[in-house]
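Novice: I'd like to ask you about the structure that follows.
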Amino acid sequence: MMNKKNNKYKSDSLDSKEDKVDLYQDAMISNLISVNNKSTSDSDAKKPTENRIELLKNAYKGGTLKPMIDFDDHNTETFMDKRITKNLLDARSLFLSMGVKLIYIKSGTTGHTFKAISRSNKNVVFAVKVCAYPKDDYGGIKSSSRPENVEIRMLKILSYFVVNRLTPHLVLPIGTFHTDIEKFINIPEGVIDLKDEKNDMYKKFIERYHDGEFEKFVSVLISEWCNGGDLLDYIRKNYDSMTLETWTVVIFQLLFTLALIHEKFPAFRHNDMKANNILVEKTDNKHEGPDKWYRYSLGSHVFIIPGIGIQIKIWDFDFASIDGIVENKKVNADWTKKINISKKKNMYYDMHYFFNTLISKRFFPQFYEGGVPQEIVDFVHRIVPEEFRNGSDNINKKGRILVDVEYTTPFKVIMTDPLFEKYRYNQYYFHPQRNMAPKKSILFQQGNGSKQPVPKKSTGQKPTKKV
């Protein structure tokens, strides 16, 4: 069972816009006092994550879909269970029983993405990812090390961090099943416009099917829907209005979550951590505002991060692995080894690939053309020195580092880089009844922290008296 330590994530509201460096820490300490006094705001504390979980629970009602996660069991063992049950279901009947209609979004080389919208409540939306099994590539369709199944296992394992309110920055799965591939070959006319060039991938999928490249069944994954698209698309559309604070918070959300995962699973590698494999959720104005802040805790370290109206969620784990826990036949293939996609522990790899692809001209050409604040350019150069940037002999054409070096880690970056300096605070805070830190904190704590008495700022030393 995992030792949770003090890794927690929650939020609060500030009443003024004074100097943020001082005010963030005061608000944090004040909020912790209110939590341990069991303030009346506790009833609202869980709303953002509780709402996510409640939405997912409701997806099972009235249908035949089996839940992937037991949201009421927070133990590590529950999420580590290797068993993934994929019943053979009729997709049309299932979605009818769930009361949703499917809207086609896009296709990839081996599958499709749909948006499932509730017929009774248009605000209830899910994502449906359909993956075909290429024949003879990675073994039988029930193999746990096939990339299609690895992705599902990884989503289940990593959902531990969301359910236990350690980070919100991961997509939660709902359920998975097998269905006949022909359900997605003979999609009704009008659902997909085959004359539209953006749907060429779907036509290639059909061609591959008729060439006999796919197995008879497809894997269907139902998960949370993120309303902001992928991060790369979001940046391309909004970079001209993204402030230094916005960039800093987005980067922090990613690096904090990687550091958190590495703490429990040091050998975790996403292996395809680029901006278009990260999704964006535009947050509800009721829970987000200019004076909203979030407290992130990692061990004995605390960060106070302002709300920016969006939250990223890491996604797309078909290249991922955790050596000794989640084996991936795609990662072990000869072609991936040649480009340094590996299961070997390296906490720098994913972070490097994210930034080195982001700054490339094929991804975001505006990066070096005034599209980001200079502070962000300087930050990326500190994380990705010239010898590990595009154009170096150490990098392949698609931005992957070819040498096995752990130049730095996400944890080291959030702890030492000046970009995050004003957001870093000591974890040691004062318990109102006992001279010790409380063992539990609450995700998304709501309230006006400044209304509580604010003790002197912590210097990191053990207090000599109760407050």
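A Cβ is built for glycine as well, from the same backbone N, Cα and C atoms used for every other residue.
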Novice: Going by Swiss-Prot, ILE105, LYS106, SER107, GLY108, THR109, THR110, GLY111, HIS112, THR113 bind ATP; tell me which of LYS86, LYS129 is listed for that site too.
Specialist: LYS129
Novice: State the count of C-beta atoms found within 10 angstroms of the C-beta of ASP272 (active site, proton acceptor), not counting that atom itself.
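Specialist: Within a 10 Å radius of the Cβ of ASP272 (active site, proton acceptor) lie 18 other Cβ atoms.
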Novice: Same chain, not part of ILE105, LYS106, SER107, GLY108, THR109, THR110, GLY111, HIS112, THR113, LYS129: whose C-beta falls within 8 angstroms of the C-beta centre of the ATP site? Give them in sequence order.
Specialist: VAL130, CYS131, MET201, TYR202, PHE205
Novice: Cα-Cα separation of GLY111 (ATP binding site) and ASP272 (active site, proton acceptor), in Å?
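Specialist: Pair distance, Cα basis, whole Å: 18 Å.
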Novice: Taking every protein chain in this structure into account, which of the binding-site residues SER107, THR109, THR113 has the most other Cβ atoms within 10 Å of its Cβ?
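Specialist: Buried the deepest by this measure is SER107.
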Novice: Please state whether DSSP places THR109 (ATP binding site) in a helix, a strand or coil.
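Specialist: For THR109 (ATP binding site) - judged by DSSP and reduced to three states - the answer is coil.
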Novice: What is the total of other Cβ atoms whose distance to the Cβ of ILE105 (ATP binding site) is within 10 Å?
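Specialist: A count of 14.
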